[in-house]
Amino acid sequence: MKHTVEVMISEQEVQERIRELGKQITERYQGSEDLVMVGLLRGSFVFMADLARAIELTHQVDFMTASSYGNTMESSRDVRILKDLDDDIKGKDVLIVEDIIDTGNTLNKIREILSLREPKSIAICTLLDKPSRREVEVPVDYVGFAIPDEFVVGVGIDYAQKYRDLPFIGKVVPQE
């Protein structure tokens, strides 16, 4: 598909919001010695790296990979866990870090899986949220930006494995 990418949220806006989220998360977990950031790969890795630096607490990082997209622009209901956590989260404060919440299906499944492992708490932080697309209600504690139902890329979010490196959030605009 031929397309262009238009800036939707600037690099400066993204970085300012990540710093704000870092402050909020730091306040919430002040005194916790067991905060584990769980990044959902691949899309969250850029956001997670920036957020990890913005959180002024000692914390661990771990990653999971789940897939519901493939190389299309549409989310499917089929959620597959491709990589699980390396470490045990029992008794720990878990912060799931997501790039974008669309239908909520993937995140809901991951939240269910992690809940069975008996963490002390589970919170969710996402860079982008598309509330109009939600099929499953998932409690989201920290939202960078609520956006309309547009296909977006940048700050780790891809289209067919491209554009993850963009420092801004861009809207993919199909060309005829």
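Each Cβ is built from the backbone N, Cα and C atoms, and glycine gets one as well.
Taken from Swiss-Prot as is:
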- ASP102: active site, proton acceptor (ACT_SITE)
- ARG42, GLY43, ARG164: diphosphate binding site (BINDING)
- GLU98, ASP102, THR103, GLY104, ASN105, THR106, LEU107, LYS130, ASP158: GMP binding site (BINDING)
- GLU98, ASP99: Mg(2+) binding site (BINDING)
- GLU98, ASP102, THR103, GLY104, ASN105, THR106, LEU107, LYS130: IMP binding site (BINDING)
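Sequence features annotated in Swiss-Prot and their locations in the structure.
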residue	record	Cβ within 10 Å
ARG42	diphosphate binding site	18
GLY43	diphosphate binding site	23
GLU98	GMP binding site	25
ASP99	Mg(2+) binding site	25
GLY104	IMP binding site	20
ASN105	GMP binding site	20
THR106	IMP binding site	25
LYS130	IMP binding site	20
ASP158	GMP binding site	17
ARG164	diphosphate binding site	17
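Ranked by Cα separation from ASP158 (GMP binding site), the recorded positions ASP99, ASP102, GLY104 are led by ASP99. Pairwise Cα distances among ARG42, GLY43, ARG164, which the record gives as the binders of diphosphate, peak at 9 Å. Neighbour counts of Cβ atoms within 10 Å were taken for the recorded positions ASP102, THR103, LEU107; the minimum is at THR103. Residues GLU98, ASP102, THR103, GLY104, ASN105, THR106, LEU107, LYS130, recorded as contacting IMP, have a largest CA-CA distance of 14 Å. THR106 (IMP binding site) falls within a helical segment according to DSSP. Each residue in LEU41, SER44, PHE45, VAL46, ASP99, GLY156, ILE157, ASP158 lies on the same chain as ARG42, GLY43, ARG164 and has a C-beta within 8 Å of the C-beta centroid of that diphosphate site, without being one of the site residues. Comparing CA positions across the binding-site residues THR103, THR106, LYS130, the one lying closest to GLY43 (diphosphate binding site) turns out to be THR106.
For ARG164 (diphosphate binding site), the spatially nearest entry among the recorded positions ASP99, ASP102, GLY104 is ASP99, judged by CA separation. In this structure the C-alpha atoms belonging to THR106 (IMP binding site) and ASP99 (Mg(2+) binding site) are separated by 12 Å.
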